[in-house]
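Enquirer: The structure's right below; bear with me while I get my questions together.
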Amino acid sequence: MTLFEAIILGIVQGLTEFLPISSTAHLRIVPALAGWQDPGAAFSAIVQIGTLAAVLIYFYKDIHSITRGVFDGLRSGRPFETQESRMGWMIAAGTMPIVILGLLFKTEIETSLRSLYWISVALIVLALMLTLAEWLMKRRADKGLKAKTMNDIGWKEALLIGLAQSIALIPGSSRSGVTITGGLFLNLSRETAARFSFLLSLPAVFAAGIYQLYETRDQLMASGSDLLNLAVATLFAGIVGYASIAFLINYLKQHSTALFILYRIALGVGILGLIANGYLQA
């Protein structure tokens, strides 16, 4: 990988990690279209540490209050007394499914499931699921049912959205896409679904990044250029990722996810067309 490729892929990661369009899909598609080598699942996981930093900075106040609530609850012997402490434990519980399934299906995630064919299918299927979630949300609104806010999230919502997050192990599905979709099915407002999605991502993204750093430590230490390129890609991913978070949170206050649904379908169908005509290898 060249430095130029690292910069481009870092920007791609930052742009697509938080939008419900799948960063893994784009990190697979862009190199394929450009004639570059697939950076691999390990690259994706490590560069996500940059976008993790973006979440930490953007949601600093939320994270600080949640962390303080958890420790205060432990010290007082009442770990679930406050909304902040409960949120911390709910995020931890919601993270368990993706951790367990990620370890069980690590080989498939890094090999066969990275096929452009399966990525295209995942892009389209999740778009249809998101369409259904939007339709249900509109029906509830027409009936006068108010959407839930962060204060309304309970154990049921946290665990079900956590289960939905495990679907993101399939490249092309999108971690933010499946968690936002899960949130909409559970009647969270779009903004709330996105906000909880980003907070829920912290433990899983951190764990995946650290694990892949450990797994590839010998390769990285043996090649200074690989280490530099990875650092540059991670930096660009963090900077662009911060802007993507701000954009999506503000966008969903006033708009539906229709734009992302149309994009996912167009991209998925387009890739299948390129594969069918021999322009891309699955």
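Cβ atoms are placed via backbone N, Cα and C, with glycine included.
Fair warning: this is a prediction, and the values are worked out from it, not measured in the lab.
According to Swiss-Prot:
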type     : residues : note
TRANSMEM : 40-60    : transmembrane segment
TRANSMEM : 87-107   : transmembrane segment
TRANSMEM : 116-136  : transmembrane segment
TRANSMEM : 153-173  : transmembrane segment
TRANSMEM : 196-216  : transmembrane segment
TRANSMEM : 229-249  : transmembrane segment
TRANSMEM : 256-276  : transmembrane segment
Enquirer: For the transmembrane segment (116-136), name the stretch out of 40-60, 153-173, 256-276 with the most CB-CB pairs under 8 Å.
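Expert: Comparing 40-60, 153-173, 256-276: 256-276 has the most Cβ pairs near the transmembrane segment (116-136).
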Enquirer: I need to check the long-range neighbours of the transmembrane segment (40-60): which residues 6 or more away from its ends have a CB within less than 8 Å of a CB in the stretch?
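Expert: For the transmembrane segment (40-60), the list is 9-10, 13-14, 17-18, 23-24, 27, 109-110, 114, 195, 198-199, 201-202, 205-206, 208-209, 211-213, 215-216, 230, 233-239, 241-242, 244-246.
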Enquirer: Against which stretches of its own chain does the transmembrane segment (256-276) lie, if we need a Cβ under 8 Å and a gap of at least six residues from its ends?
Expert: 19-22, 25, 29, 116-117, 119-124, 126-127, 130-131, 134, 172, 177, 180, 184, 190, 282
Enquirer: Please identify the stretch among 87-107, 153-173, 229-249 with the greatest number of Cβ pairs below 8 Å relative to the transmembrane segment (196-216).
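Expert: Between the candidates 87-107, 153-173, 229-249, the best contact partner of the transmembrane segment (196-216) is 87-107.
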